[in-house]
């Protein structure tokens with residue numbers, strides 16, 4: 001009865017990182033620089049891949065979509081964070097919070113499956129090179145990318161539906177710098193069973209399956225590389241997937257730490273920095289990793 005008479009929150013307050021003015025200025029400049037590098041890096045990589053004929057291959061087609069996803073996922077978080085640093089009131093409307101949850105979860109899960117698709121691409125290229133042009137045909141590549149976006153869309157809609165069933169009649173303060181589904185579930189005053197089921201099902205069905213594709217692909221890749229007799233052959237084979245392996249390690253490392261972290265109060269400050277790595281830093285690093293470690297990209301840049 002009390003639940004039906006409560007006043008639903010129409011706005012949430014975001015705690016951010018600190019109230020210290022000097023620290024806020026430092027963080028503002030750091031986030032601004034990171035976001036500018038993210039924009040220039042990812043959009044520049046997309047433009048480079050489209051303009052360079054030598055990069056018109058399945059691997060770079062997937063990479064251009066990964067750059068687009070990184071740009072979008074960063075854009076839905078960082079501009080709001082920058083605005084909050086220079087605003088006295090760090091708040092976000094309920095509708096804006098729902099939109100942020102939907103878009104972030106959409107592109108976050110899409111990135112998981114794009115990375116899995118890229119791992120499969122490297123598996124076919126190294127373990128079955130003779131059938132690579134047939135298996136990774138333009139039609140197949142398009143279907144794999146489309147499937148990644150559809151899975152991301154399903155995840156975003158599921159999390160949004162879960163959030164729409166939550167009531168926020170008590171505290172409306174989110175101890176984070178953006179709207180994420182986990183702290184929102186903790187903040188809710190209603191029955192969170194459905195939201196927990198959706199969150200765990202999504203993590204188990206989508207997150208684990210994409211992780212398994214990456215794991216199985218790289219087990220097969222490493223086995224194939226080990227069986228190569230010449231050292232030069234091993235080096236060339238491994239060099240084709242080192243950039244992707246680095247990206248996968250950073251993405252899954254930060255995301256697992258963020259979503260499998262302890263819920264204790266003592267870890268909340270660390271959780272914010274882990275979330276910053278996952279939402280702000282990783283989208284900036286991906287184009288840098290592929291630009292600095294990939295010979296074909298560096299050659300295209302020179303031309």
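For all residues, glycine too, the Cβ spot is worked out from N, Cα and C.
Caution: TrEMBL annotation is automatic and unverified by curators.
Taken from TrEMBL, the feature domain 'G-protein coupled receptors family 1 profile' applies to 41-290.
The transmembrane segment annotation in TrEMBL covers 25-48 (among others).
TrEMBL lists 60-79 (among others) with the feature transmembrane segment.
Annotated transmembrane segment per TrEMBL: 91-116 (among others), in sequence order. Beyond the transmembrane segment (91-116), the same-chain residues lying 6 or more positions past its ends with a Cβ under 8 Å from any Cβ of the stretch are 8-14, 62, 65-66, 69-70, 72-73, 76-77, 80, 145, 147-149, 151-157, 159-160, 163-164, 168, 178-181, 184, 202, 206-207, 209-211, 213-214, 217, 244, 247-248, 251-252, 255, 279.
The annotation transmembrane segment is assigned in TrEMBL to 205-226 (among others).
Summarising the annotation, TrEMBL assigns transmembrane segment to 238-260 (among others).
Taken from TrEMBL, the feature transmembrane segment covers 272-292 (among others).
Only residues 6 or more beyond the boundaries of the transmembrane segment (272-292), in the same chain, are considered here, and those with a CB under 8 A from a CB of the stretch are 17, 31, 34-35, 37-38, 41-42, 44-45, 63, 66-67, 70-71, 73-74, 77-78, 81, 104, 175-178, 180, 243, 246-247, 250-251, 254-255, 257-258, 261, 298, 301.
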